[in-house]
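Beneath this line is the structure, given in structure tokens, with notes to follow.
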Amino acid sequence: MASEKVETIVAGNYVEMETEEGPKNSKSKLSKFFWHGGSVYDAWFSCASNQVAQVLLTLPYSFSQLGMVSGILFQLFYGLMGSWTAYLISLLYVEYRTRKEREKVDFRNHVIQWFEVLDGLLGKHWRNVGLFFNCTFLLFGSVIQLIACASNIYYINDNLDKRTWTYIFGACCATTVFIPSFHNYRIWSFLGLLMTTYTAWYLTIASLLQGQVEGVQHSGPAKMVLYFTGATNILYTFGGHAVTVEIMHAMWKPQKFKLIYLMATLYVLTLTLPSAAAVYWAFGDMLLNHSNALALLPRTRFRDTAVVLMLIHQFITFGFACTPLYFVWEKMIGIHETKSIFKKAMARLPVVVPIWFLAIIFPFFGPINSTVGSLLVSFTVYIIPALAHMITFAPASARENAVERPPAVLGGWAGMYSVNCFVVVWVLVVGFGFGGWASMLNFIQQVNTFGLFTRCYQCPPHKT
């Protein structure tokens, strides 16, 4: 058996302990290398791989709504803001885990989740709010990945409509029930990031080689509704840290997570900025009617490779978004701490059914991202973490005994509270307010145009 690493805390400091269970053999070493990850590098790959998936293909669509300058600025701005709130979540996790382990609570067979952090620090009402927003976001995040699978495969095989492909990929994605936890995404996270890297640079290079189409126009931003819809899609892009707590819990030393999300975001920006800018430069306003950038590029073996890689990556990201839901369901039915992978897998299957159903009802690839971003991401990963951090450390005693104190470069507690207040007000007004208004109008327009349960969203007329 491979050695099992266990995290514990002594006087507020994490200490890594080794429990040797027997001699290592080549099989256990190989299994650990591919299957059992908990290092800083594993966390970085998980964050970077999970942060940008199908949204990579919709960012050029957002640029056509925002215009080039606003598109670039919003990516930089929301990338920084997302990194900030991920940092807050990591601080709250460490604070919660430290307090609990000082009370001799054992987490070896229990995965800590965001709603439990809120419960432990702020009480049941915060737990309930966090549980609602987090689970709803992850539910629709999984739906979006399933919709993206059907949208992408259609570009290399249009013999079946997108709804039929959704049925097929729903069954394929259901196999994620057999992946126990985020410890076991080591090889998948690594491969997933390679896949998005290839796709991003394919979009960039193919668009530049294609050149600008005849009569290309770049009229964005043309309408306020489109402007805020595009902005909230970018808000969604850099709000993928609803699984931050689960990724941290999978680390051997979670206190090292603090800057990992920022480092992941910086890498992701090297993918999203060039690809979105290049595709928008080449196709301009044509993107307003093509939310998937792959639809406008000519079919070549390079594009087909990008499609296949994105399909695999969306399978991985479906697992990332759905695994926390599996954990919540396991805890509800009382089997979370069982060690039987098969028993857990069978119990998890009902979670996939509503995701499958919602993907068939709302197949609006692109517009659904903005709607989820404004109504769910705004609270789940921006407003709630900032408010929770401020309230947790409002008492002077909590600040004095904090496990992690604000760095001096931020201006101490006053600087941290100032940034948190800005995040709450900005996201509430711009993200949820204007973004929610614009995204809902756009979403309703898609429903009125295509209808619910549409067989083939944005397909040629003879296919719909």
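For all residues, glycine too, the Cβ spot is worked out from N, Cα and C.
Model, not experiment: these values are computed from the prediction.
Here's what TrEMBL has on this protein:
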DOMAIN    36-429  domain 'Amino acid transporter transmembrane'
TRANSMEM  72-94  transmembrane segment
TRANSMEM  131-153  transmembrane segment
TRANSMEM  165-183  transmembrane segment
TRANSMEM  190-213  transmembrane segment
TRANSMEM  225-247  transmembrane segment
TRANSMEM  259-283  transmembrane segment
TRANSMEM  306-329  transmembrane segment
TRANSMEM  349-368  transmembrane segment
TRANSMEM  374-396  transmembrane segment
TRANSMEM  408-434  transmembrane segment
Surrounding residues of the transmembrane segment (374-396) on its own chain - C-beta under 8 Å, 6+ positions past either end: 81-82, 85-86, 88-89, 91-92, 95, 118, 121-122, 126, 129-130, 133-134, 136-137, 140, 232, 235-236, 239-242, 402, 413, 416-417, 420-421, 423-424, 427-428, 431-432, 435-436, 438-440
Proximity verdict for the transmembrane segment (259-283) and the transmembrane segment (131-153), three or more C-beta pairs under 8 Å: no
Residues from the same chain, set at least six apart from the ends of the transmembrane segment (72-94), whose C-beta lies under 8 A from its own: 47, 59, 66, 112, 114, 117, 121, 230-231, 234-235, 237-241, 244-245, 248-249, 254-255, 257-259, 261-262, 265-266, 268-269, 272-273, 276-277, 381-382, 385-386, 388-389, 392, 403-404, 419-420, 423, 426-427
